[in-house]
Amino acid sequence: MAAAVTIPGPRIGALQSSGLTLLLSLAAHCSGPQAKVLSPGGLDASGANLWASANCSLLQGFWCQPASQLPRDQLSALIQRLALLQVPLQAWQLSCLANLASRCGLQDDFTLHPPNLLLFYNLSQVREADCRAFIRRAAQGDVELLSHLPDQRVALWRAAVACLVGAGLRLSASDQQLLGALVCDMDASSIGAADPHMLENLRRCPRLTAAQRIALNSLLAGGKTSLGPPGSWTLEGLQALGPLATYISPHLWAQVQEAVGLGFFRSVVASCQVGRLGQREARCFVTSFLESKTKPVSSRPRLSTGNITAATLRDDLFLVHYDCAELESCLDGCILRTNLDTLLQHLLPTECQHVVKAKLAQIYPQGLPEDQLRLITSLVYLYSRTEIGQWSITSQDTVMALLASDVALENQTEAVLQKFLEHNGTVSGALLLAIGGTRLCWMSPHQIQTIHPQELRLAGALDLSSCPQSRKDVLYTKAHETFGSSGTLAAYYRLMRPYLGGSPGGAQPPSPVPPGGAPVEELRHLAHANISMDIDTFTSLNPLELQSLDVGNVTALLGHNVGDLQKARSHPTVRAWLRSLNSSTLGQLGLDASPTSPTGPAHGTRGPPSTTHQVLHLVHTSGLPTNDAQASTSGSLWAPLGYLPLAMALPCSLLCLLHWGTCILVSVDSVASGWLGSQGSGAGKTEVLDSAGRPLGLTGQL
């Protein structure tokens, strides 16, 4: 019988099975205050059918520690339910779930698992006969989830290409399409030389680098895609491009038929207004499109022959007809006052936003009234602390509206909240949920201290990854005060997890790193609590505190997630900890001191191609390290943990854990006869070609 833990919320009776323990834990620890707590009375917890009625909102609260107690059939049912409902789990949930699935031997059922989960799987366990099916499904996932696992992202690319190329060196057009979202890591030269049908995959990319955008425009300009040459593009064809159309250059827009371009402009404005297209992408398009219209290539007459009226502002093509200079000279203050919301629905360029701000200052010299403040979300970033000091903010709704923008408001957040607090406002859990963890990062220490503990508890798990170190210190102290009496260490960890970090996730920590986040004493306590910390949380810990943890502490802290150290060894936090260890200790882990070392402790005679001359590269996205933080070039993903010195140093219970986790810690060289070993010796030079015989590259060294 699983032991019940004390959790916030309604009192729960004795738990009858580990499956029910998990279900109730999920309900109690969902990220939002609306999480549902289910009664055990109406559920049959004896089998896998327990998960048949679990809904999406409940499953979003998935937590690995109680899931590790599930029998194999219930864990399998849970994973399949997650896939069926397309539950959007976060990286920290997926990484530990992948390790649980691997430990229970469930990876062979990958066709029934969520594509995002496959990104985290141990690739050496995928059978050669299944590799194409595995890559096809994994390529449907979001590779940005691997931002904290740079080496796993590298390994996934190498595995995919090794599988698709096989014994040959040519990557066919169909193979390129099979890469799915993985093509988001292709370098510019590869995109420019890729099969035109590659556009279908590039649509999956959340963003493209500047070089990739240039290559995309080169591909489109060639006229060999399904759209044809720019002069023959249609509205339907542009809409089929999806977000890729927002990267089209002004030079290409100037070649598009005017009626088609204007029709697409209208559709972008409409999509943005209803939330189908993000503000950032839409503004990128508008800027490019309007730039093309400043050149004398269009025969359209200028329509700005008189003052701007309310009817003019309702036209989706308003920005095409009026530039920012004409906006300043033709917009009357009275029209602006009564039609401010309509005007700001347009994706105004920065210059035009400054024009509107200046006109509002003329209309309201003593500061904007509160009813108007709720309309200027897109302009808030332009206001100084002094200007915000003139505002009167009495409503929580006004605060939510002002801080709802997706732009950085480092200087505005504190000022807006201060005006609200001056009118006896309070920072509630609902407000924290509405403005998100990013805004919490920019509150002053005093404002953070005014948050009532219960409100912080109601806010749930906020994303604090972008917080500066000084705020993380304050937030950790506040959260520790709030959750310090949560009962067991496991319950405490669930609530404290977002606040344990000491440096922004995925970024190179400053040197020296200011003290903050969870101190080493707390990390040691957590290591003995069987929490199995996920690798995302681990990489966000203060690197200076980690230096005081030995191999035993870290192994116990990560539990069944210890294998993820290899997947994240190039992450700055992990790399710094590895460098603090001596060579003999590293040998116990099967790792060398430097992730960029050309040699490693576990080489086989066969394996993936040598990366010294490898033409496959990875794009350095925001989540990937650069320069000295590149991934391992040793040709070995991992070495087994079954070393005698480590066995002698660890307790029996931990050895059992590592024994079950050994399948995660297998060198790629050990499967040389499989799909990762089909490339021959790594001693030579190998080039993978596309369908036309050109080298296929990926930016960054593998």
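Just so it is clear, glycine is given a Cβ too, placed from its N, Cα and C backbone atoms.
For the residues Asn307, Asn582, Swiss-Prot attaches the annotation N-linked glycosylation site to Asn307, which does not rule out the feature elsewhere.
Residues Asn55, Asn122 are shown; Swiss-Prot lists N-linked glycosylation site for one of them, Asn122.
Sorted by the number of other CB atoms within 10 A, the glycosylation sites Asn122, Asn307, Asn424 start with Asn424, the lowest. The average pLDDT computed for the topological domain 'Cytoplasmic' (669-702) is 40.
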